[in-house]
Every structure is written in structure tokens, then in C-alpha cells.
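Taken straight from Swiss-Prot:
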BINDING   GLU65, ASP73, ASP118  Ca(2+) 1 binding site
BINDING   ASP141, LEU142, GLU144, ASN166, TYR167, GLY170  Ca(2+) 2 binding site
BINDING   ASP242, ASP252, ASP289, ASP293  Ca(2+) 3 binding site
DOMAIN    192-304  domain 'CUB 2'
DOMAIN    306-372  domain 'Sushi 1'
MOD_RES   ASN166  (3R)-3-hydroxyasparagine
MOD_RES   SER205  phosphoserine
Amino acid sequence: MWLFALLVTLFYGVEGSIYLPQKLYGEVTSPLYPKPYPSDLETTTVITVPMGYRVKLVFWQFDVEPSEGCLYDYVKISADKQTLGRFCGQLDSPLGNPPGSKEFMSQGNKMLLTFHTDFSNEENGTIMFYKGFLAYYQAVDLDECASQPNSVEEGLQPRCQHLCHNYVGGYFCSCHPGYELQKDGQSCQAECSSELYTEPSGYVSSLEYPQPYPPDLRCNYSIRVERGLTVHLKFLDPFEIDDHQQVHCPYDQLQIYANGKNLGEFCGKQRPPDLDTSSNAVDLLFFTDESGDSRGWKLHYTTETIKCPQPKALDEFTIIQDPQPQYQFRDYFTVTCKQGYQLMEGNQALLSFTAVCQHDGTWHRAMPRCKIKNCGQPQSLSNGDFRYITTKGVTTYEASIQYHCHEPYYKMLTRAGSSESMRGIYTCTAQGIWKNEEEGEKMPRCLPVCGKPVNPVTQKERIIGGQPARPGNFPWQAFTTIYGPGGGALLGDRWILTAAHTIYPKYPNKGKNTNPRTLVFLGHTNMEQIQKLGHHPVRRVIIHPDYRQEEPDNFEGDIALLELENSVTLGPELLPICLPDNETFYGQGLMGYVSGFGTTGNRIPFHLRFVRLPVADREACQRWLWTKKDTSPFSQNMFCSGDPAVQQDACQGDSGGVFAVRDRNRDIWVATGIVSWGIGCGEGYGFYTKVLNYVDWIKKEMGDEN
């Protein structure tokens with residue numbers, strides 16, 4: 001027993017302090033716990049937690065010799081230079097002063113636990129053994145900002161001059177608006193030179209309001225809110241700034257600026273009127289001198305979305321879509337025009353228009369105007385013209401014109417079933433385009449009228465040797481010179497129907513003419529006059545593929561087309577002939593006319609002549625060829641005309657001209673044949689290319705111009 005006491009004395013000492021490591025939690029026990037503690041001992045355990053925390057201590061086991069007033073053995077708890085209690089006994093015993101479940105709390109970060117034992121533990125002569133105690137401690141946050149009237153530990157009470165903010169393990173200080181925290185982190189000094197307010201509403205006041213404001217201030221309170229908002233200011237009572245009865249604001253003054261303008265300088269005891277600044281940026285400058293005891297000012301600022309003026313149309317044709325009772329920042333409106341009118345921004349035509357309300361309360365673009373759509377001058381019509389149905393010269397929306405062709409030489413091409421009343425009528429639409437109800441934007445076409453001479457030949461008797469033609473008798477007649485004089489007939493307004501052998505003649509020992517000089521004359525019955533009119537350049541020469549130049553006696557496929565470089569202008573002496581469409585044009589005895597500048601009496605006439613001939617019997621023509629011992633093929637692509645008894649026929653120079661027959665049912669003239677070949681001049685029958693058999697080929701080559 002004595003050895004045990006010696007060891008304890010050596011470890012703890014009779015009197016001494018035990019410093020526990022600084023931790024956030026831990027446990028404290030009596031010496032040798034849970035074995036009985038030694039006698040005659042006094043130790044102090046120092047519990048320390050980090051700064052900014054307090055110490056909380058709770059006993060879980062407590063078995064210390066009980067005594068009246070805990071005079072023998074005891075545990076004493078101290079903190080903040082105060083004794084929190086002196087305890088002995090057992091936790092559940094009424095003897096002594098046990099701590100029970102009480103929590104002990106320090107105000108600072110340190111707590112002292114002193115354990116004292118006397119020289120013995122006897123009770124009525126019997127030695128008693130006590131286990132001592134087991135306690136747990138932990139660090140809890142210290143609210144440095146809380147009022148601590150009982151704290152006596154120096155430096156514990158925070159010294160924030162204005163505002164104190166607690167956090168776990170510490171605190172920090174801040175200042176009222178208009179003051180600046182000093183380097184000591186606790187004291188505040190007036191500083192209001194750059195106060196900024198960005199909330200959409202709030203309060204702004206002078207320092208210490210409603211207490212007297214400090215002297216020598218140079219304050220700048222800036223309100224900056226989102227673009228598109230406007231700030232409203234409402235001053236509250238009391239309003240009190242030093243002033244003078246005779247001089248305006250000589251001492252202290254409040255100045256208000258917005259949009260670069262001074263909205264006023266205020267002082268005295270009359271609060272300013274409510275102000276709508278029409279700006280999202282407002283500055284309040286507050287200056288004070290070195291003296292005075294006025295209470296200052298306070299205002300409540302609010303914001304609302306800035307408004308733009310109501311849009312107004314500049315003319316009666318402008319339509320503002322879905323107008324609103326008011327327009328605010330970022331709102332927009334769209335504008336259209338009444339049908340037939342065009343949006344115009346200056347001189348620029350617009351497809352659409354939208355204006356947006358800007359942050360400064362203005363529209364981002366000016367209101368446009370609506371100008372009536374103008375379709376412009378109608379296109380000129382080839383071989384036709386137009387007239388105004390509505391006011392002459394007016395080409396704007398709903399104006400109407402009517403195209404017409406130069407009749408009787410041209411007629412307007414229309415689709416099947418189209419209305420006669422709407423033919424050629426075009427109206428200026430709301431889109432600014434001339435349109436026909438049936439044809440749309442497509443321009444009308446004036447097509448040549450075929451087979452309608454204004455002065456048709458009326459001779460009914462046969463004429464021996466032919467006779468001169470009068471102007472307009474055969475307006476389709478063409479005079480060609482390639483290797484010699486020849487004839488042809490006008491188809492449409494740019495094609496010449498002729499015989500292939502006039503271009504590639506069947507001369508022995510002559511190669512194909514690959515680049516003939518082809519001259520075409522049109523529009524007169526007099527040779528001198530027709531040449532004065534000038535020749536028409538040829539763009540293309542098209543020979544039928546069945547034609548064989550190298551076979552001198554074979555006139556199969558003796559047909560050709562000349563495409564002129566330019567269309568000719570039709571008139572009374574220049575009209576096309578029609579193409580046949582049935583076999584009735586080839587009946588025996590049917591009379592036809594052949595015209596040309598062919599040889600008469602071994603000379604070329606100076607005037608167009610014609611002859612009236614009947615379609616001959618095919619078998620008679622074939623027998624006549626046999627009598628002449630002519631072996632030239634007389635195919636189904638040919639026919640013959642004439643009468644050997646009267647010695648009428650086409651002659652040299654007439655080749656390529658056409659055999660013209662009048663269709664009495666339709667009152668048109670048709671080219672049923674082309675002067676092709678024969679034996680001599682006026683000695684019997686003449687042979688012609690049968691045009692009906694080549695109509696499909698002709699139409700194919702002419703395309704949409706046939």
C-alpha cells in the first residue's frame with residue numbers, strides 16, 4: 001500500500017497542474033480511474049479548446065468521498081476566473097454534493113478541474129475505497145456577439161463599434177452604410193463617398209438618420225438598377241438639412257442627378273416632391289460643413305419598367321398589329337400595310353417591320369410608311385400592244401391593262417377553255433405584279449395568223465403562161481438566191497419552207513454545199529423593190545434526212561427549212577401560209593396556185609407571177625413519165641399537177657415555191673406541195689413534194705413556233 005501511494009505521488013505530484021492537449025473533445029478522469037484514487041492529493045487539470053469556442057463538461061461517473069460541504073475530498077470546476085461548483089458524493093446519492101447530469105459551460109476557451117483528496121478515507125474506523133470520476137468535454141461555438149454582462153475575463157467581450165457577426169469559431173465586425181471599417185477590424189469611421197445601391201427598391205438615408213448626421217461629409221449615393229427600369233424617389237419625414245433664410249443651401253445640401261442633369265439642390269425642412277427620374281442611374285450628392293445638428297434625410301426608391309410612347313401610324317394604310325394599351329422596355333410592335341401597299345423605310349422597301357422599346361424609352365426604329373404597290377410599266381408585247389382599262393398611265397395596285405395583238409396578222413395564244421372576256425387583261429396585284437386571272441404572270445403571245453391574205457387571188461379561169469400577181473395575193477412568197485433563183489414560203493414569222501434541191505442542187509460532179517450563201521427576200525411582188533427591202537439572214541438550214549443530193553434523179557425528201565436569224569414583222573404583204581392537215585387537199589382536179597419569180601420566156605421576170613393548176617391524176621402522171629422515158633421515182637411523198645394540153649406549169653426559178661390551195665371551209669390558204677421537179681417548162685405535168693407527209697417533221701424542227 002505504501003509502495004502504491006509512492007508511485008501515484010511520483011506521477012501526479014502532491015500539488016500540480018495537468019495541461020491537456022488543445023482538442024475539440026476529450027475525457028478527464030481521476031487518477032487511477034476506475035481503481036480507487038489515492039489519498040492526500042491535489043491536482044488541477046487544464047482543459048483548453050481552440051479560440052472562438054467554449055468548453056462544455058459533463059460527468060458520466062462520479063464516486064468521491066461524501067462530506068458536509070465537501071471538505072475532505074472534492075472536485076472543483078473553475079472557468080473565466082469564477083468557481084462553477086465544488087462536488088463530492090455519488091451521482092445517485094443524497095449525501096455530499098454530486099454534480100448529477102448538469103452541464104458546465106465556460107465563457108472562454110479554458111476550464112479548470114481541481115481534484116482534492118485528504119489523508120484518509122475512513123468511515124467509523126473502516127477504510128473506504130472510492131473510484132473517482134469520469135467526465136467528457138467538448139468544444140461548442142462561442143457567440144462572441146452575444147451580450148455577456150457576467151463575463152469578467154478581459155478581452156472576451158467583442159468590441160465591434162457598429163455590427164457584430166458571429167460564425168463558428170469566431171466573429172467579425174462591419175459598419176453601418178456610410179461608414180468604413182478601420183484597420184483594427186472593430187472601429188468604424190464615416191465614409192460615404194461611393195455608396196452603391198443595385199436592388200430594384202430600397203431605402204437611402206444620411207448617416208445616423210434620424211439622429212444628426214456627422215460633420216464634413218462628402219457623400220455620393222449611387223442607385224444603379226437594370227437597364228429598362230426607371231427610378232422613382234419618395235422622401236420621408238422628417239427631412240432636415242441646415243439652410244439659411246436668405247441664401248439657398250449655403251451650409252449643407254443634397255443634390256440629385258439623373259441622365260446627366262441636375263434635378264435639384266435641396267435643404268431646409270420641406271421634403272422634396274416625389275421625383276420620377278426617367279433613368280436607371282441616379283446619383284445623390286450630400287455635402288455638410290463642420291457644424292450643425294440637423295437630423296438629415298431618408299428616401300424610399302422604387303423602380304418600374306420604362307415605357308415607350310404609343311406608336312402612331314403615319315398614314316391611313318398602315319396597320320399596327322395587336323396594339324397594346326402601353327408598351328414597356330423590351331415590348332415590341334409589328335406593322336403591316338393594307339392589301340396593295342408596301343412598307344417603306346425611307347426609300348427602302350421592307351418585307352416586314354418590327355420596332356422594339358429601348359431602355360431609354362424610345363423605339364429602336366422610326367415608324368414606316370405604307371406606299372401603294374407599283375407594278376411598273378407593263379412589258380411590251382412582241383407583235384402587240386396594250387391599252388389602259390383604268391386611268392391612263394397609272395400602274396399601281398388594282399390598275400388594269402389589256403394586251404392585244406396586231407390584227408389581223410397576229411392572234412393571241414390562249415389556253416383551251418379560257419374566258420374571252422379575260423383575254424389579255426392583266427391587273428396590278430397586291431404583290432406588285434401584273435397578273436392575268438387565267439395565265440398568271442405569264443405574258444401573252446401573239447402568234448402569226450397563217451393563210452389569211454388581205455388581198456387573196458380571185459381568178460377562176462385558167463391562164464395560159466400565168467399572170468402577174470397583185471400585192472397581197474401571195475404574201476407568203478419568198479425569193480431565194482443560193483446557186484440561183486428559187487422560191488419558198490413563209491411559215492410562222494421566222495421560217496421558210498422550200499425545196500432541198502435549191503440549197504443542195506443535184507448537179508453532177510458537185511460536192512455537198514457545206515456553207516451556201518443563202519439570201520432570202522420577202523414582202524413584195526416587185527423584184528427591184530423586194531431587193532431594196534434587204535435580205536433576211538439565215539440562222540440554220542435544215543435538210544430532210546431522206547434527201548440525197550448524190551442521186552440526181554431521186555427527189556425523195558425534197559424539202560428543207562430555213563430558220564431566219566430574226567422574226568419578221570407581218571403585214572398586208574408579208575403573211576405566213578398554213579400547213580395541211582388532211583388528204584382532201586390532194587383530190588384530183590382540186591385547183592391550186594403556184595407563184596414565183598421563175599423563168600418566163602428564158603428570162604427572169606421583174607414581177608411575181610402565178611399560175612392556177614389542178615391536181616392531176618396520179619396514174620396519168622406516171623404514164624406520162626413512162627412516155628418520156630423518165631425513170632425518176634414518183635413516190636407517195638409526191639403528187640403532180642398541171643395539164644399537158646394547156647402547157648401550164650411551174651418553171652426554173654419557181655423551185656421551192658409552194659402549191660397553195662384555199663380551204664373554203666376555214667377560209668385559209670394551205671401549202672399542200674413544194675415545187676420539186678419536172679420535164680421542161682410548161683410541157684406537161686409538174687411534180688411536188690407532198691407537204692402533208694412531212695408535217696410532223698416540220699413541227700418537230702420548228703418546235704413551239706409551229
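The backbone N, Cα and C atoms fix where each Cβ goes, and this holds for glycine too.
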Top Cα neighbour of ASN166 (Ca(2+) 2 binding site) in the set of recorded positions GLU65, ASP73, SER205, ASP289, ASP293: SER205
DSSP three-state assignment for GLY170 (Ca(2+) 2 binding site): strand
Long-range Cβ environment of GLU65 (Ca(2+) 1 binding site), under 8 Å and at least 6 residues apart: TYR72, ASP73, CYS88, GLY96, THR117, ASN121, MET128, TYR130
Inter-residue C-alpha distance, GLU144 (Ca(2+) 2 binding site) and SER205 (phosphoserine) (nearest angstrom): 29
Secondary structure at ASP141 (Ca(2+) 2 binding site), reduced by DSSP to three states: strand
Packing count at ASP118 (Ca(2+) 1 binding site) (other Cβ atoms within 10 Å of its Cβ): 15
Surrounding CB atoms that lie within 10 Å of the CB of ASP73 (Ca(2+) 1 binding site), all protein chains: 23
Other same-chain residues whose Cβ falls within 8 Å of the Cβ centroid of GLU65, ASP73, ASP118, the recorded Ca(2+) 1 site, in sequence order: SER39, VAL64, SER67, TYR72, TYR74, CYS88, HIS116, THR117, ASN121, TYR130
Candidates ASP141, GLY170, ASP252 (binding-site residues) - the one closest to the residue listed as 'phosphoserine' by CA: ASP252
